[in-house]
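Engineer: What Swiss-Prot records for 78 is active site, proton acceptor, and it gives sequence analysis as the kind of evidence. Taken from Swiss-Prot, the feature NAD(+) binding site covers 78, 79, 83, 154, 155, 165, 182, 184, 255.
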């Protein structure tokens, strides 16, 4: 008797954007794909509606799902996948893929009408894409004690929050002074985040295969303070002038805030475990940029080449 090889992803979890009525229909279409390939399906009880299907898989807690799955399918926008990526950081080697029910979709790149691409991924036909994560730490200046920590796949932002005044920052990279400047804040971004807040702040687009970090000042008072790209193994430390310490917050992917206090500083470096995304065959980052940023459209009022 022929034995079927084990599926590339034996246990698959599905997490959806809460409150989206279209998710139930997508789940109904995904379940037969998983069943046909011998995959165990787990639904996130926090976000997934009841399907009413006799083949209804287990609805489990978010923690159970994150610990058990080899692949997690995120149904929603980029924010949904970012939330999941932050949650799995450092847990285990779990892959993430996204079905786009949001707007832009830089990370969730499978359209609901193209679920055949999900089938290809489940069959092992996929592009693996490892993305750098940032580890943000609030540390004591006195003895370097870790006070608070979080992770980010897009960016860590030190920003003013309860004042209209600029804040004063001192930045060091690997212990070497970089700048003392006044601004509305500082964006510390991954290559993934280079097409998010950092791009809006005038930073460059950095290919996600590069092991790098971006420093992008937010409205700096001195125009010579420009965006900077540094090696991904760098340790970035930021001190806030004591006069402004109560007026700043540290935001991780705009999903969680850390508070600085007198005598503490922000330390940002690469997380030891990257996020593993999987894309359908033929995935191209440059095609994604063309589609999402409108680079592929015709030039206005210019005859096409060869016309």
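Cβ coordinates are placed from backbone N, Cα and C, and glycine is handled just like the others.
How buried are the listed features, and what sits near them?
Structural biologist: In the three-state DSSP reading, residue 78 (active site, proton acceptor) counts as helix.
Within 10 Å of the C-beta of residue 78 (active site, proton acceptor) there are 23 other C-beta atoms, taking all protein chains into account.
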Engineer: Hey, how far is residue 78 (active site, proton acceptor) from residue 182 (NAD(+) binding site), Cα to Cα, in Å?
Structural biologist: 32
Engineer: Any idea what DSSP makes of residue 155 (NAD(+) binding site), helix, strand or coil?
Structural biologist: strand
Engineer: Going by DSSP, is residue 83 (NAD(+) binding site) sitting in a helix, a strand, or coil?
Structural biologist: helix
